[in-house]
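S.K.: Input: one structure, supplied below.
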Amino acid sequence: MNNFMKMFFFLLMITGILISISSNSWLMTWMGLEINMMAFIPIINNNNLKTIYFSETSMKYFLIQAFSSLIFLMSIILLNLKNNFMISIYSNYWNMIMNTALMMKMGAAPLHFWIPEIMEKLSWINNLILMTVQKITPMLLLWMNYNQMLFMNFFIISSVMIGSLGGITQLNLNKIMAYSSINHTGWMLASLIFSKMTWLIYYIIYTIISMSIILTLNNLNVFHLKSMFNLKMNYLMKFSFALSILSLGGLPPFLGFIPKWLIIQNLTNLNYYFTNLIMIMTSLIMLFFYLRLSISLFILPSNKLMINSNYYNQNKFMPMFMFMNIMGLPMCTLLINM
């Protein structure tokens with residue numbers, strides 16, 4: 001696939017998102033979701049590094065998305081049958097089913113089963129799209145259709161717990177980032193309780209930090225934890241990469257702490273103490289394997305196996321990411337207090 005076709009499918013994917021979030025009709029929203037799905041599948045097939053698995057991966061993604069779209073469409077049809085007495089009585093249940101379909105689309109736990117399996121076989125760039133861009137539509141539709149706190153709480157707690165506990169035993173970096181994405185999905189769902197602005201702050205910061213990590217791993221062509229011990233790079237760049245990893249975990253005083261701080265503060269104000277406690281505890285577990293990744297960078301590499309990379313000598317964005325991770329928190333605090 002040439003660059004023109006890559007750009008075409010990416011723009012088509014963005015078009016699907018814009019149709020879904022700007023439409024006044026649920027049917028057009030569903031159509032936007034389908035356009036987005038059908039545009040992402042050729043991107044998966046083109047950039048997949050492990051080409052032997054590309055048909056299996058794209059088929060899994062298609063089946064999951066098609067099944068959730070079917071449930072979503074069925075819920076739309078039944079909710080629009082307002083003249084039917086039985087349908088009107090159970091409208092809240094159909095709303096919950098619609099939201100469940102959206103949860104499945106973005107891989108929120110316990111409907112997360114497909115995320116680690118698919119991300120393991122995708123390239124880093126495709127993983128970045130799946131972790132960030134593909135969450136926009138389901139998240140915003142949930143915000144527009146959010147009506148039950150108990151339902152949302154279940155998915156928030158499930159996502160943060162499974163995301164943190166599932167990543168502890170993983171050695172494959174794709175799967176580690178997959179479980180990290182599931183955990184952050186729980187935090188983003190919690191941000192939807194308060195306002196779209198809180199979600200937007202979390203999403204932008206999460207995307208920036210994820211981009212800095214994923215682009216680095218992509219250029220280094222690293223897919224396994226043991227490869228992290230053998231990276232040949234200067235300590236300044238190791239330090240910069242480690243900061244991005246710790247920032248993704250929300251460790252103060254780095255940039256990633258800001259959105260988590262806002263969510264914890266808002267949950268406390270609304271007296272959601274149990275949800276708050278679970279989210280804080282799981283964040284500590286997440287920090288364990290983020291620290292494991294960071295420490296692995298500074299262990300002396302073996303002389304037998306070295307991964308050489310000129311990427312750090314050419315990349316002009318790493319100092320910018322390092323500056324944002326270190327100075328992001330104090331700068332945002334100043335802006336908030338102004």
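Cβ atoms are placed via backbone N, Cα and C, with glycine included.
Curation plays no part in TrEMBL annotations; they are all automatic predictions.
Pulled these features from TrEMBL for this protein:
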type     : residues : note
DOMAIN   : 23-285   : domain 'NADH:quinone oxidoreductase/Mrp antiporter transmembrane'
TRANSMEM : 61-81    : transmembrane segment
TRANSMEM : 93-115   : transmembrane segment
TRANSMEM : 149-169  : transmembrane segment
TRANSMEM : 200-223  : transmembrane segment
TRANSMEM : 235-258  : transmembrane segment
TRANSMEM : 278-300  : transmembrane segment
TRANSMEM : 320-337  : transmembrane segment
S.K.: When each of 61-81, 93-115, 200-223 is checked against the transmembrane segment (149-169) for Cβ pairs under 8 Å, which one has the most?
M.R.: 93-115
S.K.: Grab the same-chain neighbours of the transmembrane segment (93-115) for me: Cβ-Cβ under 8 Å, and only residues 6 or more beyond its ends, written as numbers and ranges.
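M.R.: Here the qualifying positions are 33, 60-61, 64-65, 67-69, 71-72, 74-76, 78-79, 87, 130, 134-135, 137-139, 141-142, 145-148, 151, 155, 158-159, 161-163, 178, 181-182, 185-186, 189.
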